[in-house]
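Accompanying notes for the structure given below.
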Amino acid sequence: MNPFLDTLQSLRDAFGSGKTRPAEFRAAQLEGLNRFLKENRDALLAALAQDLHKAPFESEISEISICQSEINLALNNLHSWMKDEHVSKNLATQLDTAFIRREPYGVVLIISPWNYPLNLVLVPLVGAIAAGNCVVLKPSEMSKSMEKIISEVLPSYLDKNCFAVVLGGPQETTTLLENKFDYIFFTGNPSVGRIVMSAASKYLTPITLELGGKNPCYVDDNCDPQNVANRVAWFRFFNAGQTCVAPDYILCTRETQEKLLPALQNAVTQFYGKDPQGSPDLGRIISDKHFHRLRGLLGNGRAAIGGQSDEQERYIAPTVLVDVKETDPVMQEEIFGPILPILNVQSIDEAIAFIRKREKPLALYAFSKDSKVVRQMLEQTSSGGFCGNDGFMHMTLTTLPFGGVGNSGMGMYHGKFSFDTFSHQRGCLLRSSGMEKLNSLRYPPYAQRNLGLLLSMVEISHKGQCTLL
Amino acid sequence: MEQLVLRARAAFQTGRSRPLSFRLQQLRALQRMVQECQKEILGALAQDLHKSEFNAFSQEVVSILGELDHVLEKLPEWVAPEPAKKNLLTMMDEAYVHSEPLGVILIIGAWNYPFVLNIQPLIGAIAAGNAVIVKPSELSEKTATLLAKILPQYLDKELYQVINGGVKETTELLKQRFDHILYTGSTGVGKIVMEAAAKHLTPVTLELGGKSPCYIDKDCNLDIACRRVTWGKYMNCGQICIAPDYILCEPSLQSQIVERIKETVREFYGEEIKKSPDYERIINLHHFKRVTSLLEGQKIAFGGETDEATRYIAPTVLTDVNPNSKVMQEEIFGPVLPIVPVKNADEAIQFINQREKPLALYVFSNNNKLIKRMIEETSSGGVTGNDVIMHFTLSSLPFGGVGNSGMGAYHGKHSFDTFSHRRSCLIKKLKMEGANKLRYPPNSQSKVDWASFFLLKRFNKVRIGLFFLAFLGILVAITVKFQYC
């Protein structure tokens, strides 16, 4: 039994009617999203607090503002993004019109996770709508309060014929994926990513997978330990560590570790006070399952900072682990919690070798006063994105594409990249019926003399190259 | 199989495929290969597809030489980092996108253009700094063998390898891990490739096919339209992924179209088409039988002659074709051109939209508005208006499919982008920590207010506002720094 057939058919019919194509329609939907954010701000903040104990500050900068920016960007640029992109022509096509037309795919599926349950629903949604698609949203069932708002409140701000929300857990999602979509945008972990890609292959559905991994953070000896500690700690413990681009582990020498530890303790105390559990600015773990998973990791190595936990509140203290071995469980999976292991290396070369042995991460961080060191790390590794001397600030720039590589994902979005991701780029060449004499060079029967002329018509622009034979 | 791929990976890990100079050197070597081995290449193509030298040269070799020239000229530009516009928070930093190689690329080529469809992707993969495994189609045997022989003579033997074999070897190859797979071929196998790629989370570019419709409007230069269609349809004996698969037109045009195509065929291939050196043959017996069977029960306006011994099928046109008949159910990939009469453009658009999205769409009309409408109300990989095939030859246009006809695109810079990872880079300095204090807890309402003030792009269009903001930002940073230091 396929419970989604009707919903999908009506979306497909709506798309087929062409109503999502005009810029006015798309802009109206985006304005709807604007109103949704403005009119439900308090409810959204409350939902984030409920699901993740997210402080208003964190919610503001990592969820609401980002969504707002993306909506505004799309509204401001929709017309220019939708315009045909004229391309350079060769000799044979000089008199023709050649352009790339960006078209919607059709019915698009967006599957979002629980860690930034507003951001990771709305930002892809903005791209899909701006590109002219109909959308099915499948928000995460784990962030229950936000799921409620998305399914009960959001639809009233959008055209009901072109937009649907589907709820459920892994079972329902599996059934959903048995249907045909024209594009699938998935944010989550690599193993589910494989399942999504496999399901997509049955219909040859193009996809974007925003996955994760263990994001290495290299700290050079030549640095200001307190500055580094502030930055690393903030990005690590933000949202209680439940961020796909958070620095997952530190690589540094023993001596730097000795300088970092007090600095990190300093940062933690400054940020969250002597008793972090009492701080309103520290988040909580999303579920009991993840809480227990993380609590198990606290026993790896030795907790130099933190190490406490509280099952009732699903609270895990901001923790820094030392004496961690490469083979420990904490180094086998993406941590996704407020635990920061430090592994020792003797040199940057060792750090680079360590990183290259493993799967390509979503983000990579390098801290050093010496820009040559930062550059070396950048050049000799691969990752989705890279930030030198800070945490995931690169994500806040909508002019930088955000996405993974290898195990951390495929495809990208944010800003115009979202629009392009949800569009099919159709190459168009419009010729005239004239100039047929020129064309006759290509028709049989062939004579040797045609060859030379033909050669000069195609793309041979490099001077001095002797290609005539 | 595993060993060969591991060898390519080890070669990639040494980093030698990355420097621009190395890539240019390999591309130049490829250029020399094409020029020096031309005779052998043309010979192999002639044997595999009964292709005349001119055809082989103009359809395969020229494209490659053109692509090489283009890439050699533009590559230094493409590898340069692309600076990104910054916001207030990152004003003092370096922000750019850096294109990096993915690693080991697998290129699976098709048999119909066995040279171009292996070498053109190879050029892009090399240009992007990767190691490459090329798996040519076993159906175009001579070309596959030749590529395995000459490629290692000119290119780095470990980084770029040719692996030959049939279904068994390809299946084995697909079990290995690659960093991108570009497959050209059928929809059915495309699904298998993507499924195999899913196990390793390998991104794919699938250049598949479908039935590319060709709408001929009553308001058009019929002579020219029919000449161009004839050229594109019977080229390579119809074995092109972007051949005009079938014609849609008003019933009154059918007989005129048939006449003109017939005349043009005579002009192109002479009275005894079999004897024309410019007319190719079907690749093998299986496809010969398949295409021949599509003629059953059809109204053959002209053509229809076949000769199994030489796998010859005459240029054929079918009229009043029923949309439900076999010839309209699969991509023809042969020299058979069905004409399906439709009432008007509206019906043509409906007809096209009821079917899978094709790789190419063709429209012939003097009415620009009609052409625009056909493009707007349908979807396809690419479009050529008032001609066929030609959008393939302009490498500034991305070449690829959509829906059942494929995903991803390549040619020119699009190849470079396909085979690269575009990595976002933000480089900050370790100083100016004062400015950061704004973001650290403990939080307060004022911080929340400042945050929304800074992050919301309210002053997007007002330059003065932006400068004011910047000034304010620096002021705040200095104030905060003094407060906390």
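The backbone N, Cα and C atoms fix where each Cβ goes, and this holds for glycine too.
Record features (TrEMBL):
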{"type": "DOMAIN", "residues": "B:3-422", "note": "domain 'Aldehyde dehydrogenase'"}
{"type": "ACT_SITE", "residues": "B:Glu207", "note": "active site"}
{"type": "ACT_SITE", "residues": "B:Cys241", "note": "active site"}
{"type": "TRANSMEM", "residues": "B:464-484", "note": "transmembrane segment"}
### Message
If I take the alpha carbons of B:Glu207 (active site) and B:Cys241 (active site), what is the distance between them in whole Å?
### Response
9
### Message
With Cβ-Cβ distance below 8 Å and at least 6 positions apart along the chain, what are the contacts of B:Cys241 (active site)? List them in sequence order.
### Response
B:Ala110, B:Asn112, B:Thr184, B:Glu207, B:Leu208, B:Gly209, B:Leu359
### Query
Can you tell me the three-state DSSP label for B:Glu207 (active site)?
strand
### Query
What mean pLDDT score does the domain 'Aldehyde dehydrogenase' (B:3-422) have in the model?
96
### B:Glu207 (active site), number of other Cβ atoms within 10 Å
26
### Query
What does DSSP say about B:Cys241 (active site): helix, strand or coil?
coil
